[in-house]
Amino acid sequence: MSATRVKRPKKRKRPREPKQPKRLHVPVRWTPWDTRVFAVLGLVAAISRFVGLSFPTDQGTPVFDEKHYVPQAWQILRSTGDPISGGIEDNPGFGLVVHPPVAKQVMAIGKWLFGYTPLGWRFMSAVAGVLVVLAIMDITRRLSGSALATVVAGVLAIADGVLFVSSRMGMLDIIQTAFILGAAWALTVDRDQVARRLAARPLPLDDDLGPPLPWRWWRFTAGVLLGLALGVKWSGLYYIAAFGLLSVFADLVDRRRAGVGKPTLGALARDTVPALGHLVAVPLGVYLLSWRSWFAEETSVYRHLAEDQRDTGIPGTGWLPEAVQNWLHYQRGVLEFHGSLTTSGGHEHPWESKPWEWLWSGRPMLYYSTETTCLGGRDCKGWLMLFGTPPIWWLLVPVMVWVVYKWIVCFDGRYALPAVGFLASWVPWVIAHDRQMYFFYATALIPFVLVAMALIAADVARWRPRGRAVGVGLVAAHLAVVVAAFLFWMPIMTGIPLPLETFELRLWLPSWK
């Protein structure tokens, strides 16, 4: 009798469970403590930026490069027919109409409120300066999740000399910095939103690319702010490129951490095109829109430049409307102007500096100087310098080397934004080092350094229990030194006259004189 084989029942395959996110970036919640910290430090920032804002002047007139931008902003205000189209610059005699109009349009708001006065010239710069402090704090809060780091960032931002002086001058750089920091902040909010969306939904089983993400309003907002930064100075282009690449890279990282099968392909297929739209097309559109009043008015500065110089027009543009030809000719002229300001071409300035000198505030920028008598007839001197607070700036190089190491080698994503922001602020100027440059070009650089310092401070304070008190003590000691140094050097950052011997005590290095 032959044995019969009994077939074992086949095991049923268990249905695949949706992949769940893991190790995603965790958004930080706003707390009542944050409200108190931001209110207190925001108030201190406002006091430091607004008190004495009308001093100094050059016998009642603007000082340094305010002499270019203040009259141009006043022109824009005086010629404004309606707030939609705005006003124009129509007098090339003012000189240096070689920057786009956005910052001067912003400055015109202060003149609308307070007239053609020192307060009117500088009011919007001070507003921008306070917003920069708050942006630095909230970027740090979102990246670190540390209340201590948030406080450190705020104190450093208030006490940094470059941000302090720039916030009290009617110039372009602090306004551009506010737009750049606003874009960086919007991208951190966007990253929080992306993390929430990926965590809230299971990944599709039949798609290794991961889900397409809904419309990202915060990244769109970043694009608008980058367009406004470009509308202040062309150096905004560097941040459009840098932040665009960073945004796509962050999407790739988040898709990988969410368990997407092919995160790189998913980021390229599903995130790159929207990123190009938000962070390239939108900024360029905003930049073009910032020139709307120039196109609308026949008397705008250089409005008929190409028509007046037919023989030097741009080849291949004859089919375009005359207004567009004139605008392109104007843009080319601006590019040629900036390109001609080279050291090798013989352009020199006693207070110019190169990018490597910015790294330690090696060559500050003198904005205002006066010699007078004070304190019972003693000979006194007053300077207003763009001057970096030494306990901050003298740590810049080791701090940024550590930041790049933590990001590239240790894969610590918290340091990506400060590293990319710093590199976008500095590397392009190193490449173009033959150009005539000044320390105020570094205004947009220092906020990213301050964020990095605050992140490092949080790491130091988190040393193992036995070292925690030591770490917090080191952070507190550094902040105390920074504040003391800021108060010590404040007179030469505000133009307050000092007796000569007291004045000389503050010029430690030959390159500061």
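Any Cβ shown, glycine's included, is placed from N, Cα and C.
Keep in mind the model is a prediction, meaning the values are calculated, not measured.
Annotated in TrEMBL:
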REGION    1-23  region 'Disordered'
TRANSMEM  119-139  transmembrane segment
DOMAIN    120-249  domain 'ArnT-like N-terminal'
TRANSMEM  146-165  transmembrane segment
TRANSMEM  171-189  transmembrane segment
TRANSMEM  273-291  transmembrane segment
DOMAIN    324-512  domain 'Protein O-mannosyl-transferase C-terminal four TM'
TRANSMEM  391-408  transmembrane segment
TRANSMEM  438-458  transmembrane segment
TRANSMEM  470-492  transmembrane segment
Surrounding residues of the transmembrane segment (119-139) on its own chain - C-beta under 8 Å, 6+ positions past either end: 37-38, 41-42, 45-46, 49-50, 53-54, 62, 66, 70, 73, 106-107, 109-111, 113, 150, 153-154, 156-158, 163-164, 166-171, 174-175, 177-178, 181-182, 184-185, 188, 417, 447, 450-451, 454
When counting Cβ pairs under 8 Å to the transmembrane segment (438-458), the leader among 146-165, 171-189, 391-408: 146-165
Counts of helix, strand and coil residues, the domain 'ArnT-like N-terminal' (120-249), according to DSSP: 100 helix, 0 strand, 30 coil
Cβ contacts under 8 Å made by the transmembrane segment (171-189) with residues that lie 6+ beyond its boundaries: 64-66, 69, 99, 102-104, 106-107, 124-125, 128-129, 131-132, 135-136, 138-139, 142-143, 163, 218-219, 221-223, 225-226, 228-229, 232-233, 235-236, 239, 243, 246-247, 250, 417, 421, 440-441, 443-444, 447-448
Please report, as numbers and ranges, the same-chain residues at least 6 past the borders of the transmembrane segment (146-165) whose CB is under 8 Å from any CB of it. 33-34, 37-38, 41, 44-45, 48-49, 129, 132-133, 136-140, 174, 177, 361, 367, 384-389, 392, 439-440, 442-443, 446-447, 450-451, 453-455, 457-458, 461, 472, 475, 479, 482-483, 485-486, 489, 493
Counting only residues 6+ away from its ends, which parts of the chain sit with a Cβ under 8 Å from the transmembrane segment (273-291)? 100-102, 105, 213, 216, 219-220, 222-224, 226-231, 236, 240, 243-244, 247-248, 251, 327
